[in-house]
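Worksheet: the structure to be examined is printed underneath.
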Amino acid sequence: MTQHRTPLVEMKNISISFGGIHAVDNASVDLYPGEVVALLGHNGAGKSTLIKILSGAYKRDNGEILINGEPVQISNPRDAKGYGIETIYQTLAVADNVDAAANLYLGRELRTPWGTLDDVAMEAKAREVMGRLNPNFRRFKEPVKALSGGQRQSVAIARAILFDARILIMDEPTAALGPQETAQVGELIKQLKREGIGIFLISHDIHDVFDLADRVSVMKNGQVVGHARTQDVTKDEVLGMIILGKVPPGAIAGPGAMQTA
Amino acid sequence: MANKTIAAPASSTLKTQGTALQRFLQATEIDTRLLGMVGALLLIWIGFEISTGGLFLTPRNLWNLTVQASSVSVMATGMVLVIVTRNIDLSVGSILGFVGMIMAITQARILPPLIGFDNPATWVIALTIGILLGAAIGAFQGMIIAFLSVPAFIVTLGGLLIWRAAAFLVISGATVAPMDTKFRIMGGGADGSIGATASWVVGVIACVAIVLSIVNSRKQRKRFGFPLRPKWAEYFLSITGCVGVLGAVWVLNSYYMPVNLAKRYAELNNIAWPEGGLQIPLGIAVPVLMAVGIAIAMSFLTTRTRFGRYVFAIGGNPEAAELAGIKTRWVTVRIFALMGALCAIAAAISTARLNAATNAQGTLDELYTIAAAVIGGTSLAGGVGTIAGAVIGAIVMQSLQSGMVLLRVDTPLQSIVIGIVLVMAVWLDTVYRGRAK
């Protein structure tokens with residue numbers, strides 16, 4: 001169905017190596033508007049690395065990135081943000097020593113006509129966004145350090161959606177969260193999807209993934225094993241892809257697929 | 001408004017229970033760490049006042065204290081930014097020495113043949129050259145740190161040796177004197193003070209500024225429906241601020257010109273020498289005004305501008321700052337350039353005060369500067385520190401030194417005491433932070 005439209009993001013034949021190790025090897029993934037694509041794989045399979053190339057944290061060695069069909073050059077996080085790509089990192093990339101509003105606007109501060117920081121306006125907007133995301137959030141004046149894991153996560157998510165992202169990358173967004181907060185994040189993902197935002201969801205919890213994702217792409221040893229629509233495959237088949245690299249009939253094999261003898 | 005409903009629950013949390021002191025601190029939003037530091041400073045002062053038999057808390061001593069603390073205080077404000085970003089600058093004393101020497105050579109050797117002796121522009125040219133040179137040295141060191149990834153400790157340790165030697169080499173170790181008369185105003189003393197009337201004017205302007213800023217911040221909070229401080233807390237803060245400022249002016253105005261200087265002043269101005277002697281108040285010294293001005297400017301820079309926000313974000317989580325799209329390397333370069341420029345201003349103050357530049361000028365100042373910042377609550381782990389704290393730290397260091405001089409403590413023992421105080425201050429800070437968690 002979606003296959004006839006132009007993909008929002010297309011990463012083609014991406015490779016990157018660190019000191020001779022092919023962290024990502026000839027990997028291709030794509031993402032359509034309003035779609036959630038889960039990237040699955042073991043630790044060290046190359047999911048995070050692949051996605052960091054898209055978010056501008058790493059520079060690819062080979063391959064190309066197309067956004068709305070146009071080839072783009074992404075060489076730093078600012079470039080990525082310019083294309084509406086926002087990232088929520090696994091490591092919760094927040095500055096611990098400043099407050100929530102400062103983190104939300106980090107790198108894109110609101111300023112008064114005199115060029116000074118408009119803290120009050122930033123705090124007002126932060127209260128609004130956080131009120132939508134996590135109504136229990138009150139601690140606007142405290143450094144983020146003082147917050148719980150879930151609260152910090154909601155700060156990180158709020159930062160990503162604050163600036164009208166079109167492409168959202170979520171690297172293990174629920175890793176630090178309790179069950180209730182995880183459910184909240186799930187709701188949020190569905191809401192963002194309805195708004196037409198494309199989401200890359202990185203996870204190694206396939207239960208999460210089957211609830212939220214439209215498609216899965218599985219990586220192993222830096223290569224794409226294959227991808228499939230979630231309705232065409234079972235959890236066990238996806239597990240087989242993750243662990244063995246075995247591609248089930250409902251999936252399309254990639255370069256990393258197990259060679260059937 | 002929508003904002004109001006969001007802010008509403010927060011205002012209820014503001015009225016938390018607790019002891020009267022806790023409620024008071026919460027209502028006034030006073031930084032307890034800063035309050036603790038002021039308390040410690042007052043304890044030190046009272047301790048010295050008692051042990052010196054009333055020599056310490058005299059207008060004369062306090063006046064000298066402010067002048068002596070100004071050079072280190074200027075550098076400490078820059079050191080806060082350096083340390084907040086998890087760097088260190090060991091070269092500030094040597095940069096002070098080198099830049100001071102260049103400024104001295106400029107005004108005593110190079111400029112007089114070109115534009116004449118005592119040209120009114122001399123001090124401006126010398127100071128400008130100094131600031132540019134200091135900023136260039138700082139930027140150069142900052143680039144090595146940021147772009148070549150050499151640790152700041154090593155780069156500035158190299159700088160410590162290099163610039164000290166450079167200060168010697170440029171003039172083969174000679175002492176350059178005297179300084180330009182206008183330039184000397186930056187050193188304080190009888191000519192470098194603004195007198196009683198001007199001091200009161202400065203004090204009143206400061207009071208107006210305090211009140212205006214409190215009114216403005218209240219207006220801003222109202223605009224977005226944020227919880228407000230109780231009215232009495234606003235009055236309390238305004239009044240305390242004004243009393244503090246005017247009190248300081250009063251103390252500085254109570255220090256009169258020493259007799260022989262006053263006699264010369266009377267002769268110069270054709271005033272008959274009266275029977276009881278002339279009592280001419282010195283008022284605020286120019287270097288103190290400079291230090292206060294720089295402290296205010298640096299506070300503004302750190303809390304109200306993007307640059308300051310980035311400095312703290314980098315200190316809190318360098319990776320997050322980088323991922324947020326901040327050009328962390330350039331911020332580092334700018335911090336070190338700023339530090340260099342501040343060293344130049346400190347150099348101007350200390351060469352003007354000494355009326356000479358020697359190649360040993362500023363020796364060990366890097367340690368006093370770092371100590372002032374650290375005593376003032378700047379964390380070496382990065383991300384935490386305030387300009388006001390660093391200034392108080394500088395005053396604490398200077399108070400200890402001048403108090404011990406009044407007590408006739410030997411120099412080696414003075415160093416021992418200061419060393420112990422430094423370690424204790426950081427230890428107390430660690431304890432405080434541990435509790436705060």
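Each residue, glycine too, has its Cβ placed from N, Cα and C.
Keep in mind it's a predicted model, so treat the numbers as computed, not measured.
Feature annotations, reproduced from TrEMBL:
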TRANSMEM  B:34-56  transmembrane segment
TRANSMEM  B:62-83  transmembrane segment
TRANSMEM  B:95-115  transmembrane segment
TRANSMEM  B:121-140  transmembrane segment
TRANSMEM  B:152-174  transmembrane segment
TRANSMEM  B:194-215  transmembrane segment
TRANSMEM  B:235-256  transmembrane segment
TRANSMEM  B:276-301  transmembrane segment
TRANSMEM  B:335-356  transmembrane segment
TRANSMEM  B:368-397  transmembrane segment
TRANSMEM  B:409-428  transmembrane segment
Does the chain bring the transmembrane segment (B:152-174) near the transmembrane segment (B:95-115), so that three or more CB pairs sit under 8 Å (pairs 6 or more apart in sequence)?
yes
Output the single range from B:95-115, B:121-140, B:335-356, B:368-397, B:409-428 maximising the number of Cβ pairs under 8 Å to the transmembrane segment (B:62-83).
B:368-397
If we skip the immediate neighbours and take only residues 6+ beyond the ends of the transmembrane segment (B:121-140), which ones have a Cβ under 8 Å from one of its Cβ atoms?
95, 98-100, 102-104, 106-107, 111-112, 115, 159, 163, 180, 182-183, 185-186, 333-334, 336-345, 347-348
Taking a Cβ cut-off under 8 Å, which residues six or more beyond the ends of the transmembrane segment (B:194-215) line up next to it in the same chain?
234, 237-238, 241-242, 245-246, 248-249, 252-253, 280-286, 289
Of the listed stretches (B:95-115, B:276-301, B:368-397, B:409-428), which one yields the highest count of Cβ-Cβ distances below 8 Å with the transmembrane segment (B:335-356)?
B:95-115
